[in-house]
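A short write-up of the structure that comes next.
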Amino acid sequence: MTTVRQRRVGKGTEVAEDQPSEKNVKPDGKILSDHTGRKLWNILSITVGGIVAISLGLITSVYVATLHENDLWFSNIKEVEREISFRTECGLYYSYYKQMIQAASIQQGLHGLVYDNKTESVRTINILERMNVYQEVFLSILYRILPIQQYLEPVYFYIYTLFGLQAVYVIALYVTSWLLSGTWLSGLLAACWYITNRIDTTRVEFTIPLRENWALPFFAVQIAAITYLLRTHLQPVQERLTLMTVFIATFLFSLTWQFNQFMMLIQALALFILDCFDMLPTAKVTWLYIIQISGLLLVCVLQFFNSMILGSLLISFNASVLIARTIQKNLKKGGLLNRLGKLILHVLLVLCLTLLINKFIKKILNLESDEHIFKFLKAKFGFGATRDFDANLYLCEEAFGLLPLNTFSRLSDTLLFYVYIFVLFLTTVAAVIVAFRNLSGSNQVQFMKKKEECTITLKPDAAYNLIHTVLFGCLALSTMRMKYLWTSHMCVFASFGLCSTEVWKLILKCIHLYTSQRTHVIKYSIPIITLLYISYKFWPGIMDELSELREFYDPDTVELMNWIKSNTPNTAVFAGSMQLLAGVKLCTGRTLTNHPHYEDKNLRERTKQIYQIYAKRSPEDVYRILRSFGTDYVILEDSICYERRHSRGCRLRDLLDIANGHIMDGLGENEPDLKTSLYPRFCEEIKKNLPSYTIHFTRVFQNKTFHVYKLAKHK
């Protein structure tokens, strides 16, 4: 009996060592051979996957660059036309890059940004504090120190950098999908979906300097790093390097976009929800909270302690979560009802602390820079009608409206939306089951382990990406401008589900057809069939798109900019619409009264006053307002004065009438307390050259679109 027991214990050790027979040697050799084969296969797979990722990134970069060139004939048009093509706020941001390039030295250029008196007349502002333009500063310095001036114009260095970031973006999406599914085929599918759904995944080719085009590639890198961080069994060195990557990506994302705090607040909410349901490791979640706060505070320091960052909800929320955790130490212990009670209390505690901390910070800093955002949200979600000019300005813009339904039909043409909904449904069901199991406590878990349902699992990285896509989907549905945060991640999430062993295993087990071989066949065949379908259907369209040639054409704006440069002094101050004045600054370098970067209360009030040129006000009132801002010239646009793009109630002149308490033009209802104005509309009446107008305003330029008036300088 003793001998038998010894043989059973030593079956894999002593017998193998003491009796090296042929039967024992061959399996070991086979195991060693299999291990080496798997290792070589993994190396080959990673190498091929990496090459495919880089290739797709470069192809995307070249693709959007070619579309931009074909649409504008950018290489052939004049410098002023190139600059005009940077519309609205894009032109404003690019003007600081141009300013740094043209400065006598880097130090002088930086001084001009820190003590800027041309962006807002009769005011000196710090551009580096007010706006996220460090990328323009860095790029201009890089252009000056690199020996490329004789080979590459500054504008090309700028736009090629942005198009190059698209390569980083696509590679990050590819890697995220690869990490989630375990196969680079998933990354290939994600990248192909991103390219074929370009209309809904990016707008970089026609809004190049927009802040989101700088920021979203870094956000995608951060999501990829978080996905890797949430993997189990990471080595300490791997974990530290990944945390460093997350921090760098978070910092760069925060530095390059003024809306960073709101995007990261949604991300923090995703982490909070998953942590509450015990679906993520608490220690890693804590690190991510700290990284968000530290990244934002570092940006705050670089932006000369920008008060809007200090008063952000993100800092208040993350601090509240960490404080609430300290107070409620036994949050994840107990049975289902006990834990639910603790969870509800925890959520209420975090919300109350967030509001108290945020209100306290804003009170101390006297912060009102972001109040227009909350007014807009309040009006948008039906918490009372508003006559606030700033809120209505956002509400009436299509970009800030609900996501149009035709978006889903476009996404469905590539099968993306169908696959996305399918994967979203399955993973949501799995998440609900896992969350319930986690809350139920140890006794219920042990009981459920005996049942097949316990095979339903959701890895932490997949759980994070699920909540991420749900929350950003809600944001996109409510605000069309934010759809680019969702649609790109939709490509990742749909491709992950289609190539995931866990997803197909769950489906096949539900219909009692599961085998390991069948799972692997479906996991690879369905994505390949999808790729073939996408290639067959959309490749001809992409080729046609690349062969279609257009040319930039805006002669009226070109004529206006050339006239300003030739006929006005360099110190002249111009008033007009925010969008046009951004171009005036870029093309002519003249001083502005207002501009499109709207994150400042004083600027918002100033803009509303300047826009009285389109309201029903007396010439004396308009003249007094314009002169109070040092205005020398005012530009009136027929496209605004006689606007037809928006419906009644959303035209700029209507918003001004409502804010001023005046009845709107045209047929339709008016609110009962609105009154008829004593004066006609200024932008229309000034063209009649009546004495009451010509005493203050002299027309000095006009074409089919613009009318420029010089203001008299009365003593």
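Here the Cβ of each residue, glycine as well, is placed from N, Cα and C on the backbone.
Of all ranges given (141-163, 486-508), TrEMBL attaches the label transmembrane segment to 486-508.
Within its own chain, the transmembrane segment (40-65) has Cβ neighbours under 8 Å at 159-160, 163-164, 166-171, 174-175, 178, 184, 187-188, 191-192, 194-195, 198, 202, 204-205, 542, 546, counting only residues six or more beyond its boundaries. Taking residue pairs at least 6 apart in sequence, the transmembrane segment (520-539) and the transmembrane segment (461-480) share fewer than three C-beta contacts under 8 angstroms. With a cut-off of 8 Å on Cβ pairs spaced 6 or more residues apart, the transmembrane segment (415-440) and the transmembrane segment (263-280) reach 3 or more such pairs and are scored as touching.
Long-range Cβ contacts of the transmembrane segment (486-508) within its own chain (Cβ-Cβ under 8 Å, at least 6 residues beyond either end) map to 169, 173, 176-177, 180-183, 185-187, 189-191, 193-194, 197, 200-202, 216, 220, 223, 411, 416-417, 419-420, 422-424, 426-427, 430, 455-457, 459, 462, 465-466, 468-469, 472-473, 475-476, 514-515, 518-520, 522-524, 526-527, 530. Residues of the same chain lying 6 or more positions beyond the ends of the transmembrane segment (263-280) and with a Cβ under 8 Å from any Cβ of it are 219, 230, 250, 253-254, 257, 288-289, 292, 296, 312-314, 317-318, 321, 332, 343, 346-347, 350, 431, 434-435, 438-439, 458, 460, 463-464, 467-468, 471-472, 475, 485.
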